[in-house]
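Since the structure comes first, as structure tokens, the remarks are kept for the end.
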Amino acid sequence: MIMPFSKMQGLGNDFVVVDAISQPVYLNQGQIAKLAHRNFGIGFDQLLIVEAPQHPESDFHFRIFNADGSEAGHCGNGARAVAKYVRQKGLTWKRQLRLSTNTATMQATLEDNGLVTIDMGKPRLEPAQIPLRFAEKQTLYSIDAGGISYKVGAVSMGNPHCVLKVDNVEKAPVQTVGPMLSQHKYFPSQANAGFMQIVDRQNIKLRVYERGVGETLACGTGACAAVVVARLQGLTDDKVKVMLPGGSLWITWQGEGSRVFMSGPAKVVFEGQVEI
């Protein structure tokens, strides 16, 4: 089977996007992992498969697969890429779209300045919703990893995140502590681990170790989670610029009970096709 695809990126977080509306797409976990390999495949952080809507209130559904072939529930950068993709491919002419994933439904707006704004919905803070093996909701949770106790915030943005505040994000132990937090027994579905440095009330720096992927240049849901965790501690205002290794996202959250909005770029790198 010859499968056409678009290679896209949002702040260096790169995707292969495939249209499963115009053609059947059947890929197993091994095939996805092979395609994700940066030496022997196309190379990507996530594969995004665009499908017909599953509900009347949605315009498109998309599935998200990590580089190891595992399926994810949500991807903020991926949502921006999908919104740009369906518009550029002529699958819709709308500028406001309702997109669904396996765990969330969100509204995407294609802005005149080329950015895409995503309504990411309300963050889930109850441990059972994250999921997190703690009985009661807390602002910070104590988690032991590698013999050290870390105070982390935890939130679900459609996928589970833990966020650790650090003094210097460049020196943060992302490669060592990241996988220990991500795969900790307290997170039964694993978690994305964010390392956050507060610059001031309107700016933070962030690095993210993504479950099933490793450290990426950007993580949209991770940026949202970091702002939620920071704001719950009173460390930031409701509009925050999140500076990631691949570039910046703009996150707005007015506090508990409010929805999170994320604005950022999404670009096509090249078009191609691959034999499966």
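Here the Cβ of each residue, glycine as well, is placed from N, Cα and C on the backbone.
All TrEMBL annotations are machine predictions without curation.
As written in TrEMBL, here are the features:
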ACT_SITE  Cys75  active site
ACT_SITE  Cys75  active site, proton donor
ACT_SITE  Cys219  active site, proton acceptor
BINDING   Asn13, Gln46, Asn66, Gly76, Asn77, Asn159, Asn192, Glu210, Arg211, Gly220, Thr221  substrate binding site
SITE      Phe270  site 'Important for dimerization'
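Reported as a whole number, the C-alpha separation between the residue listed as 'active site' and Asn13 (substrate binding site) equals 11 Å.
Our reading of the substrate binding annotation (Asn13, Gln46, Asn66, Gly76, Asn77, Asn159, Asn192, Glu210, Arg211, Gly220, Thr221) yields a largest Cα to Cα distance of 17 angstrom. The separation of Phe270 (site 'Important for dimerization') from Asn13 (substrate binding site), Cα to Cα, is 15 Å.
Counting only the Cα atoms, the space from Thr221 (substrate binding site) to Phe270 (site 'Important for dimerization') is about 25 angstrom.
Around Asn192 (substrate binding site), taking its Cβ as the centre, 26 other Cβ atoms fall within 10 Å, counting all chains. Long-range Cβ contacts of Asn77 (substrate binding site) within its own chain (separation 6+, distance under 8 Å): Gly10, Leu11, Asn13, Phe15, Ala218, Cys219, Gly220, Gly264, Ala266. On a Cα basis, Phe270 (site 'Important for dimerization') lies 20 Å away from Asn66 (substrate binding site). DSSP gives Thr221 (substrate binding site) a helix state.
The secondary structure of Asn13 (substrate binding site), as reduced to three states from DSSP, is extended strand. Rounded to a whole number, the distance between the Cα atoms of Phe270 (site 'Important for dimerization') and Arg211 (substrate binding site) is 26 Å. Apart from the site residues Asn13, Gln46, Asn66, Gly76, Asn77, Asn159, Asn192, Glu210, Arg211, Gly220, Thr221, the chain places the Cβ of Asp45, Ile64, Ala72, His74, Cys75, Gly78, Val208, Val213, Thr216, Cys219, Gly222 no farther than 8 Å from the centroid of the site's Cβ atoms, the recorded substrate location.
Contacts of Phe270 (site 'Important for dimerization') defined by a Cβ separation under 8 A and a same-chain sequence distance of 6+ are given as Ser6, Lys7, in order along the sequence.
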